[in-house]
Amino acid sequence: MKPSKGRAAANKGSKEALKAVDDRKVGKRKAVVEADKSSKRKPKKEKSAKKDPNKPKRPPSAFFVFLEEFRKTFKKENPNVKAVSAVGKAGGAKWKSMSKSEKAPYEAKAAKKKSEYEKLMNAYNKKQDSMDDDGDEESERSKSEVNDEDDEESGQEDEEEDEEEDEED
């Protein structure tokens, strides 16, 4: 019996072709990994600015205003469903099926909350600007000016001590 050259030969050839491609990929990966290992220090991640707890929170969108009310009704209808995802999915489906006229009251509430948020943000930004201005006054003075003032004060103290010593003699 002759071995069939059709499939086996085709599979063998394709495996070798794939293997060569895989080897090339692995080789590149190894090179990248080796380069990473050669650098001793990894760059530190930049720390993001700390969030201000006094900053007003962003207002909810019309959908989230709707979802607040929908959540209450959904819990009453389905007391045994505890998953948050189920509430979200049901709320999303209901929101998509609603007409523009049904969404209008929620959009009005969201617009009202947004205007209140903008007022709060303006007040907050003004307060931040005034705080920044107060802090900048000290930072604008160079360290040498501050040191010069310290030297002058210590110089005055030295002169007073010299005068006292002269009076004693």
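Glycine too: its Cβ is placed from the backbone N, Cα and C atoms.
Positions annotated as region 'Disordered' by TrEMBL: 1-61, 88-169. Among the features that TrEMBL reports, compositional bias 'Basic and acidic residues' is placed at 13-38, 99-119. Summarising the annotation, TrEMBL assigns compositional bias 'Basic residues' to 39-48. The domain 'HMG box' feature in TrEMBL is assigned to 56-125. The DNA-binding region annotation in TrEMBL covers 56-125. Residues or ranges marked as compositional bias 'Acidic residues' in TrEMBL: 147-169.
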Using Cβ atoms and a strict cutoff of less than 8 Å, what residues sit near the compositional bias 'Basic and acidic residues' (99-119) while being 6 or more residues removed from its termini?
56-66
May I have the DSSP-based helix, strand and coil counts for the residues of the domain 'HMG box' (56-125)?
56 helix, 0 strand, 14 coil
Calculate the per-residue pLDDT averaged over the domain 'HMG box' (56-125) and state the result as an integer.
94
